[in-house]
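In what follows, a single structure is set out as structure tokens and then discussed.
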Amino acid sequence: NPYAELVARLRAAWLSGKTRPMEYRVAQLEALGRFLDEKKQEILEATALDMGKPRFEAEFSEIILCKNELHETLNNLSHWMKDEHVYKNTATRLDSAFIRKDPYGVVLIIAPWNYPIHLFLVPLIGAIAAGNCVIVKPSEMTKNSEKLVAEVLPNYLDKDCFAVVTASVQETTRLLENKFDYIFYTGIPSVGRIIMTAAAKHLTPVTLELGGKNPCYVSDTCDVQNVAQRVAWGRFFNAGQTCIAPDYILCSVEMQEKLVVALSKVVNDFYGSNPRESPDFGRIVGDKQFQRLYALLCSGQVAIGGETDEAERYIAPTVLVDVLPSDPVMQEEIFGPILPIVTVANMDEAIDFINSRERPLVVYAFSSNSKVVNQVLERTSSGGFCGNDTLMHVTLTSLPFGGIGSSGLGKYHGKFTFDTFSHHRGCLHRNMGMEVFNALRYPPYTQQKLGMVRAASEVKRKGTCTLL
Amino acid sequence: MEKMQQVVGRARAAFNSGRCRSLEFRLQQLKALERMVQEKEKEILAAIKADLHKCGHNAYSHELLGVLGELALAMDKLPSWAAPQPVKKNLLTMRDEAYICPEPLGVVLIIGAWNYPFVLVMQPLIGAIAAGNAVVVKPSEISENTARLVADLLPQYLDRELYSVVTGGVPETTELLTQRFDHILYTGNSAVGKIVMAAAAKHLTPVTLELGGKSPCYIDKDCDLAVACRRITWGKYMNCGQTCIAPDYILCDPSIQSKVVENIKAALQEFYGEDVKSSPDYERIINKRHFKRIVGLLEGQKIAHGGQTDEASCFIAPTILTDVSPESKVMEEEIFGPVLPILTVKSVDEAIEFINRREKPLALYVFSNNKKLIRQVISETSSGGVTANDVFMHALVPDLPFGGVGNSGMGAYHGKHSFETFSHRRACLIKDLKMEVVNKLRYPPSSQKKVDW
């Protein structure tokens with residue numbers, strides 16, 4: 001196996017205990033901070049070359065959000081690493097009971113192409129903070145970013161414990177034959193299944209950050225202009241290539257009309273009359289993705305946009321109306337700057353529509369009536385939920401970010417990343433004395449012993465296990 | 001088989017009806033479970049006795065006591081566990097509502113094991129019900145009396161569509177695993193654990209695997225050997241060694257090996273008397289297959305105590321092996337029987353190295369008066385859980401997560417951790433449709449000014 005030696009080398013480094021002390025982890029994390037600061041220009045250039053990522057978007061998503069996670073981690077690491085002492089019951093009153101946060105060992109992070117820095121860096125922060133050795137496999141789709149990470153990142157980190165691997169699909173399959181102690185994958189459900197199947201061979205725990213079609217319900221009671229701005233921002237950011245982008249709108253026929261008018265104005269406000277010339281609108285990452293998206297444009301009717309340019313991989317910010325659930329654009333996660341509107345009679349129909357499909361990464365609901373927002377929240381299931389805005393729930397590091405069902409398993413961001421990459425080990429440190437208290441649990445058993453044990457347990461409605 | 005599809009389909013339809021969302025409903029079901037355990041205590045103890053030759057006291061304290069405690073805890077804490085948790089907000093979200101909402105996953109599958117056949121389906125079931133799920137329970141067919149009883153009793157006390165029991169062996173379980181679940185909790189061995197996870201992968205179903213391994217037990221020279229050995233004896237021979245967290249083997253300095261043997265022998269005498277076979281408190285091996293397997297491990301070993309067997313009754317006497325070689329068969333697999341190998345090591349560092357060269361175990365035990373040494377052993381090894389200066393007890397602290405790592409498993413449960421295992425923690429951010437001016441900063445067209453702000 002071409003990667004066996006690398007994995008063995010990292011495992012040896014792991015067994016040496018190098019990555020455990022807090023000072024070591026802090027030093028590596030601070031080095032990551034320096035990477036973000038010193039290589040900011042290179043990161044912005046690479047993502048611009050790879051997918052025409054507008055400078056503002058790149059700086060916000062690939063630098064600023066990463067630095068927030070880094071600072072949150074550095075500020076709290078010593079607290080997160082501490083043993084968590086837990087409530088003790090009668091039997092263990094005099095003992096020390098705590099949860100120890102142990103690193104797993106050698107972990108693998110596989111990142112996608114849409115936010116090529118952010119989506120390996122944020123997991124990496126948590127993996128290092130938790131004391132692991134890490135192999136990072138950036139996406140081969142975004143060649144400039146991949147090159148940057150492979151050539152530059154290792155210079156900032158301890159090469160004994162951290163490595164970057166560039167690999168094609170076939171090579172990644174071979175990489176996955178090795179035993180890892182944790183695998184963190186961001187991408188699509190079909191590959192998620194392959195990763196989990198490979199992980200099962202070694203009983204490797206996984207976090208899978210996948211995707212789906214994120215529904216966006218817009219009720220009739222709302223400020224249409226504000227809704228249009230927030231939805232357009234979420235949909236067209238990164239030319240729609242965002243796992244948490246609002247995928248499609250559900251609204252009434254009347255609202256559809258109003259939204260189209262409002263969205264048209266917003267697209268103009270954001271990108272001018274010819275978005276192709278705006279420096280703030282991105283491009284599709286590759287030819288295959290462009291072709292796939294192009295084919296979706298035949299669904300419903302084009303109300304806004306629809307222009308494309310194959311050479312530039314440009315697809316205009318597009319809104320489709322009168323889309324049917326059976327249309328091509330409603331069969332797969334769009335992952336492009338196309339926003340279909342499907343009309344429904346009312347909120348109940350919208351909720352039924354959402355619930356008849358796979359559970360998405362996020363459900364959006366817009367209404368000035370908080371009861372409506374709460375109804376949609378309570379009656380649907382999704383990774384996360386955002387009322388009256390898009391994307392923003394993932395910028396709060398105190399909220400867990402992850403999917404459910406086919407949109408993923410596991411979660412991260414903030415402390416959740418640290419927890420993802422740690423084994424929470426239940427520890428009890430008992431006293432060697434006080435042996436007389438244990439007498440009840442030893443054979444030979446008498447009716448008397450049993451009676452005492454029962455009596456002790458009957459008292460405990462305030463609910464903990466008792467003497468054994 | 002259509003049967004499995006129907007069972008799961010019915011559970012899913014029942015879940016979708018929404019009736020298990022309400023806390024009152026869940027509490028009602030938990031209360032019914034509690035009634036079941038209290039009213040059918042005799043039947044439950046009889047089933048366990050038939051399966052494992054376990055006396056009433058043992059069966060009660062190993063299985064029922066824990067279940068009752070877990071039920072009381074869940075009923076008491078459910079409102080606080082299920083409540084949305086507000087989270088810390090930043091400047092941009094200051095005026096918004098941000099919280100984590102625990103939600104049910106949907107239809108979950110619990111696959112039990114035969115060694116503690118009642119508690120190993122009941123304890124996960126309690127957590128799954130508390131978290132608002134529909135549940136399919138598949139007790140182990142090897143402990144057939146308990147399996148049959150569980151299949152009989154649950155429908156008498158619980159909502160029949162939401163909570164169902166499927167019985168059967170490997171073919172039935174394989175068929176069951178082709179269905180789509182929203183979480184699978186499996187207790188058993190690593191080989192089957194891999195099969196369960198691979199089946200789950202097809203549906204991207206999260207899993208909790210409570211597996212096993214060889215739980216090491218290091219005895220330091222500096223410790224009260226009488227106390228240490230009594231506690232180890234209790235844990236090792238309980239349930240005839242058929243406990244996932246039993247101390248599998250001992251590591252100690254050669255100079256104390258014979259004292260360890262003497263002390264264990266003394267404890268065995270105290271517990272089971274002169275004639276272990278006639279003690280009502282000593283169990284039997286579950287079946288002939290495991291009996292033969294364990295007897296096979298004795299081949300070529302130095303038996304310091306015990307070694308008597310009787311195939312007809314699946315009896316294996318409490319046995320101690322000394323000067324065991326790390327390469328011998330008894331050191332290759334989890335023993336899961338009343339055979340205790342002792343291996344000698346010259347220092348705690350050697351013990352740690354020995355442990356780390358092997359798969360990560362479910363439990364790790366260390367006995368010492370030296371707190372620093374205990375801290376060292378914990379810090380330099382990895383295991384599902386640890387008890388220092390005793391055995392098992394970490395599994396009985398409800399607020400400690402119980403689970404493995406590496407080959408010994410993934411995920412955890414018990415107490416609140418069961419509730420969390422069977423819930424989805426949904427991130428919720430509710431904003432105002434007004435205050436749009438704050439959002440202007442993030443919209444295009446962008447300029448350096450905006451970024452710098």
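All residue numbers here begin at 1 and follow the chain in the order shown.
Yeah, the Cβs are placed from backbone N, Cα and C, and that goes for glycine too.
Here TrEMBL gives coiled coil for one range in the set B:23-50, B:135-162, B:387-414: that range is B:23-50. In this view, B:Glu210 (active site) is surrounded by 25 other Cβ atoms within 10 Å of its Cβ, with every protein chain counted. Neighbour density for B:Cys244 (active site): within 10 A of its CB lie 27 other CB atoms from the protein chains shown. This prediction places the mean pLDDT of the coiled coil (B:23-50) at 98. If you take the Cα of B:Glu210 (active site) and the Cα of B:Cys244 (active site), they are about 9 angstrom apart, rounded to a whole number. DSSP gives B:Glu210 (active site) a strand state.
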